[in-house]
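Q: Below are the structure tokens for one structure; questions will follow.
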Amino acid sequence: MKKLIKKTLFTLILLLFYLFYVSACGPKSEPEPDAVASFTFSPSAPKNTETVTFTNTSQNAVSYEWSSSPTAFSSREVNPSFQFTQGGTYQITLRATGKNGKVVSTSQNLTVTEVPQPIVDFTFSPANPVVNEVVTFTSTVSNATSLAWSSNPAGFTSSAANPTFAFTQAGTYQITLKATGEGGTLEVSKTLTVTTPKPTADFSFSPNSPMVGEVVTFTSTVSNATSLAWSSSPAGFTSTAANPTFTFTQAGTYQITLKATGNGGTVEITKTITIRAAAVAADFSFSPAEPEEGQEVSFENKSTNADTYTWDFGGGKTSVEKNPKFTFDKAGDYTVKLTAKGAGGEATITKNIKVKAKAGTGNNAVCKQANKCNLPLCYVTKITGTVTGGTLNSTFEYKTIAGIKVVAKLTNTVNASGVMVSTTSTYDYDSQARNTTITTVTQNPFATTTVVTTIIYNGCVKTRENSSTNGVATGYTLFEYDASGRMTKSTNYNISNQVTGYTTFENFNAQDLPQTQKTFGANGNLVSTTTLTYQNCQPVRIIGKDSVGNTVLDQTDELGANGLIGKSTSISTISQAGINVSTTTIVTYEYQCE
């Protein structure tokens, strides 16, 4: 039994030794090798108009991840392609994952050269051509190797830089200029309207100041017309002749109208003819109705059938002008006499004028604005309208100083292309109702700016404005006046007392309103000229031109029933990168009248 046990133990020991030998010395599996990341790309120096092809030369990898810095390109493809649209140097990184799960990466710099796109714009002249009139197209192009002009409807094509063309058919044409260069193709289109030539018409008459019973000869100067029609108001004179004659049997003022009709439409011109009666009638009006001492008074002669005039303002002061202007130096009651003479005799009329003491001449006198047109006492309460790409709203708040209603607060809000900009102006006054401080706070999504303007006076005359932005002084403005008290110049200075620009006011009308405004730069160079046309002391047309005559502002104002501006339409144009950008603003005014 003991021998059997020993034999069994020996067998087990041999078996265990064999198993250990097999485990320690038997064949083993090899580990997976690490991945090796590498790549090439072509072309080696690409442009932003070319596609770059990346060739993956990695080894022992099962997946890939491509990326760039700055971020522009990413991919998990083996051999991706990509077009970099912006120039610059990009670091391209390839991350390769091996079969053993390890990730390795490699990076290379790739420099992309940016090829500029063409820039194209054009103008044409004249702006409103007629049939068969030569139109000159002028291109403004850069980064282009070829041009192609076309029109819709078809008819006009060219590859020249500045072609000319005469359209033989009236209509609206879409003119397109396509510029092609290494950086691609860009085109711009503009609308050109060709019209049939309208007739032109003018006429004269002789004698210039006929009397009752005297033959009047009308002479027309007409083009592009197939028929003529003469008429008068009041009625009495009609004709279809080119140069008719007529004898008026009643004295008075007639509106003579010549209407010319042709294929291009109808045009008419109206002129006034006065038929003198045997007797002369003298009459006149003056403005303002209640002038102040030292204020210029405009006299409008309303006499009829007169050739010469003699005015007597008292104190030996006279005039022989038809519509003179006169300044009464002192307050008081004056009698003005007009004597009118003509073929029918002479007539005299006298009128009394009450000249008031000038407002604001005392140290504590209240300053109020003159009302030379006798406008209604109305106050703007709200302005609403549209501006290209958005809307605008303005509201006014008022307060009373020394019995005078003045603006206390003005709030403007403009919402353009989703961007809201609000401006709030607060007005402070002294006991003489003089505006002494304006505080304007402008808020937009990016910043808040506060501009404070303080105003200095000599009596009731503004002489200086000091400005600061966010508490820092930025400069000041000085104002100059002529002997009639009209502002003729404003000059802007920086905080170093250097002129930064100035504006002149010229060509005043009978109400002392400037009809020409010129703006100059620091070196005295003309920047812009603005021409103003008034009706009832309101600017009904404003045209602004830059130093080379381009129109940068075209504003038309319409008067409402109260004689004040009810609607305003303006088009402003600025040049950005050689391209004119226009902004159209249309607003309406609401008033409260007393």
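Placed from the backbone N, Cα and C atoms, the Cβ positions cover glycine too.
Pulled these from TrEMBL:
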- 33-113: domain 'PKD' (DOMAIN)
- 214-282: domain 'PKD' (DOMAIN)
- 308-362: domain 'PKD' (DOMAIN)
Q: Just to be sure I understand, if DSSP states are collapsed into helix, strand and coil, how many residues of the domain 'PKD' (33-113) fall in each?
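A: Counting residues per DSSP class in the domain 'PKD' (33-113), I get 0 helix, 47 strand, 34 coil.
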Q: Tally of helix, strand and coil residues over the domain 'PKD' (214-282) according to DSSP?
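A: The domain 'PKD' (214-282) comes out at 0 helix, 45 strand, 24 coil.
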Q: Need one number: mean pLDDT over the domain 'PKD' (308-362).
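A: PLDDT averaged over the stretch: 88.
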Q: Provide the three-state DSSP residue tally for the domain 'PKD' (308-362): helix first, then strand, then coil.
A: 0 helix, 36 strand, 19 coil
